[in-house]
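TrEMBL lists 89-360 with the feature domain 'NADH:quinone oxidoreductase/Mrp antiporter transmembrane'. The transmembrane segment feature in TrEMBL is assigned to 12-33, 45-63, 70-86, 92-110, 122-140, 160-180, 221-239, 246-265, 271-291, 303-324, 355-377, 389-408 (among others).
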């Protein structure tokens, strides 16, 4: 099992072979439930599904990206994420959590197009530093050095807040989210796809790991933060003029939704949050990919100029609308299923949650449908490379693949 992972590192400079051996590795770990040696522990299907999602995203990148250095950086990032999803102890989890910063920073600083990339990478570094050192503090105070990779001690809610800060910065939760739109706007398309599809899942998977200590804690703080993030992030989406920033803020709202789901510590909420992770990974990757295609063709990312998809390329228009509908949670997409589960859980806990969730959905449908209608209609012509867009069809299949549910139930 592990030998395929090592062989894929050997082929680091040939992206197709790296992808092939990683996919074989993912198939093998899907049938395995074990300690894989000293470092890897396969303990749950949800993390393995996240690994498969990261390999899907890497496949799209290998097909669409021309720049070899970006390809190698994204391979390194995917490898770091694979080890992050199945570590054997909290120390490794922390190390690979921080190590995932490196390829993204190199991508933004080396291949971003505007000069503001320096500012955005400062944001990224300082958010990471200020939110992650407290995690180390709690870790070393809790005095377990090589224990299993679930943090489930009885601690006070302040300590748990400090512990969850580093993961909440990677979610990103509203109020710790400022680095995300900046990084997305400055990053090249490949880095943006990886940032949305993978790096946000690092935070949520880490939060799943420390969820055991949340069960002894007042979780109303987290519910409040999640509701604030959902509604304020959706309002931020409405006022964006840059389509990449809009997609970034919609990621923030979805992740706040995911936090809301995680802090009702029921079984169904964990399942729905993992499904929301999968749905958001596939959807946001494709959103950034299609926006990047438009940007490379027309040279602009303004929503005001995103128009006339149907008169340029029919299949691009159809895929674009399908992706953004999945982003706003339209059945039969996976995101609809998971959001429906979250809403049902919330109604079981408190009836007043329905009002907040309703407000959020109204705003979120508004900006998604506005983007779809404004970009599909129009009389212009953009010379899209239609072959590039066809790569995204398998990801669309994964976005509407409701059958993941059978893995969990």
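Residue 1 is the first one shown; counting continues down the chain.
Using the three backbone atoms N, Cα and C, a Cβ is placed for every residue, glycine included.
Predicted automatically and left uncurated, TrEMBL annotations should be read as such.
Below 8 A, the CB atoms of the transmembrane segment (303-324) and the transmembrane segment (389-408) form 3+ pairs separated by six or more positions in the chain. If you look at the transmembrane segment (70-86) against the transmembrane segment (12-33), you find at least three C-beta pairs under 8 angstroms, all six or more positions apart, and that counts as contact. Under 8 Å from some Cβ of the transmembrane segment (160-180) lie the Cβ atoms of residues 97, 120, 123-124, 127-128, 131-132, 134-135, 137-138, 151, 195, 199-200, 202-204, 206-207, 210, 213-214, 217, 221-222, 225-226, 228-230, 232-233, 248, 251-252, 255-256, 258-259, all in the same chain and six or more residues away from its ends. Listed as Cβ neighbours of the transmembrane segment (389-408) (distance under 8 Å, sequence separation of 6 or more from its ends, same chain) are residues 45-46, 49, 53, 56, 59-60, 63-64, 271, 274-275, 278-279, 282-283, 285-286, 289-290, 293, 313, 315-316, 319, 322-323, 326, 332-335, 337. Nonlocal intrachain contacts for the transmembrane segment (12-33), taken as residues 6+ away from its ends with a CB within less than 8 angstroms of a stretch CB, comprise 1-2, 4-5, 42-43, 48, 51-52, 55, 58-59, 62, 71-72, 75-76, 78-79, 82, 86.
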